[in-house]
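Listed in TrEMBL for this protein:
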TRANSMEM  B:9-29  transmembrane segment
DOMAIN    B:95-298  domain 'ABC transmembrane type-1'
TRANSMEM  B:101-122  transmembrane segment
TRANSMEM  B:134-155  transmembrane segment
TRANSMEM  B:175-193  transmembrane segment
TRANSMEM  B:233-255  transmembrane segment
TRANSMEM  B:275-301  transmembrane segment
Amino acid sequence: MTQPNPYQQQWPGQPAAQQWPEQPAPAPVVAGWDDPNRGGWDTPTAAWSTPPSRARVTQPRSGEHLLDVRDLRVEFDTRDGVARVVNGVSFHVDPGETLAILGESGSGKSVTAQAVMGILDTPPAVVRGGQVLFGGEDLLTVSPDRRRQVRGQEIAMVFQDALSALNPVFPVGWQISEALRSRRGIGKADARRRAIELMDMVQIPASADRVDDYPHEFSGGMRQRVMIAMALAMRPKVLIADEPTTALDVTVQAQIMDLLATLRAELEMALILITHDLGVVADVADRITVMYAGRVVEQADVHTLYASPAHPYTRGLLASVPRLDHRGHGLHSISGTPPNPTAIPDGCAFHPRCPWAQQMCRMTSPALTRIGRLDRASACHFPPEALDARLA
Amino acid sequence: MARYIIRRLLQMVVTFVGATFVVYALMFANQNDPIQALAGDRPVSDNVRQVLTEQYHLNDPFLVQYGYYMRGLLTGDFGKTLTGRPIGDVMSDAWPNTIKLALLALFFATLFGIAAGLVAGLRRGSVFDNTTLALTLVVVGLPIIVLAPIAQLVFGVKLGWFPTTAGARPSLYGLILPALVLGAASTATILRLTRASVAENVRADYVRTARAKGLSARRVVAVHVLRNSMIPVITLIGVDLGTLMAGAIITEGVFNIPGVGSKLLLGIQTEDGPLVVGFVSVLVVVFLVTNLLVDLLYAVLDPRIRYE
């Protein structure tokens, strides 16, 4: 962020800029897909260098974000050595905004979320550094009591597999209102009424009849709604949803995402959506943070990211989405596997899998550098735009 | 639920008849001459022999004899011992002592086992965890026949904290040391199971959810972890209760407690058939009822279990 970006100046002169005069690219559109001459996802095309659409992210009013995570580092002490799972992750969200954290399994996105919540198992996990600023207050340095107060009340979390994340031996209404009873001290009858209200809010039918049912008596989608109701019980300002739709089938996924988007708007919450599903992200997210091997490799608003990804990894991810209009073409994949967190390669963590890797990529780790304008950054020595410009 | 209970009760009848039949057959197959056994060393005249044979249906086939016995049992008549004492009286003397002893043993086993198991499960790999692991291995490895005299010698004779024997009318205090000895193996198994169960549940997703709600650490453990960890432990405790009632033979012998175990031992030694069969029949019922209660409790603790 501190170094000036030499490629930034090339933007005004880009000839491809005229291709998209006004309208932002409709999401999700993977750039270059419709070009019959393209050789593969890693062949640079003109569309990659398309200038970004206008962001609709509201700027923070006072320069201070609601939740601002800075340079977060988490390590796990394992038998095979120290696993550096989160290596300097920074992101922020503001009220009413949806941030998606995108990455494949093992990229450190869930650990990041749990570190923000303060529910990592320590040991083996250790937060090595960074700041988690909530309303300007660093949650990593406050007292454990204050931390617990923030948890659930200010920042709440929805987990991936609702069946295992709900306690099997207590009725759902009991679990939804547990925090209210235990932390706000409200009475049993009140708690039950609040649980029914919350179940209505997440659109569980016949909530009054189902409040005393147990988690196993609900379908997968309804269980996830119960999870959401539980997270919302204390009216949090930030909701972290960790792969909330992974265990669900596609139609139910869409319903849950709609519900989250509606509730986010109604309750003026900030929503952090952790996912590996590019389809889920496109519809609801305002901004996207892409993680790889515990680092942020790219940050952009959703339209820009889909239209012109500025990191080879993001490009690979977008190209690997199966598409109906490309039937019979075979699926694209990024060759190789994500690095073992105990042995992250030197230099850029992505270089063994990157088709453009140069000597520099093997030597030095690229910093997350602003490209073009605010809120657009990539951690690549040779962001595709620049690469295209050089080839041109 | 009701159908399940009825089915279980019917199964219990079958088990009860089968178990008493086997014990009855074994005890009576082993006897040479029950009338001589009754008389001891004295000679028995033919007249007396004939009367007694009639009275005890000794000339009837075995199955008919068993039928007579079961009829008595079901009407509450356990018969008489060889010494002529009604077995019902012997039972009303012996059972209270054994029940007191078994419940006390179960109380200590549950208290120490769950408390220590919880701490060990929450602090895996700590000094406490390793110490309890070593101790439980020693306790499980030592048979009660070794443990009981050692406890008696150390705490009864040398230190004098507890009475060495309980006596004819044992006080609750006198039963503490025998109960600790009797419950030692149960304590060890309950501790190990609780530890394993807690260690597993502490890492469960729903515990993470509970912490994410911002609940206090105390509430997370006491409500979410403990409740789920207790499901297998309760089953073990239920099975242990039956074992403790029946397995008190050695403990009652060493500490001289006039309970079921010592009467059963006496009956076997003196070849007192009716006494042995009577006690075993009641033990079978105790076993069956505790098992049914445990199974029903299981459904209360774990709502995912439904009995049809």
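Even glycines carry a Cβ here, placed using N, Cα and C.
In TrEMBL, annotation is done automatically, which means it is predicted and not curated.
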Contact check, the transmembrane segment (B:175-193) vs the transmembrane segment (B:101-122), 3+ Cβ pairs under 8 Å, seq sep 6+: yes
Outside the transmembrane segment (B:275-301), six or more residues from its ends: residues with CB under 8 Å to it: 1, 5, 8-9, 12, 15-16, 19-20, 23-24, 27, 69, 73, 78-79, 81-82, 87, 90-91, 94-95, 227, 230-231, 234-235, 237-239, 241-242, 245-246, 260, 263-264, 266-268, 307
Folded-back contacts onto the transmembrane segment (B:134-155), same chain, C-beta under 8 angstroms, at least six residues removed: 161-162, 164, 177-178, 180-182, 184-185, 187-189, 191-192, 247, 250-251, 254-255
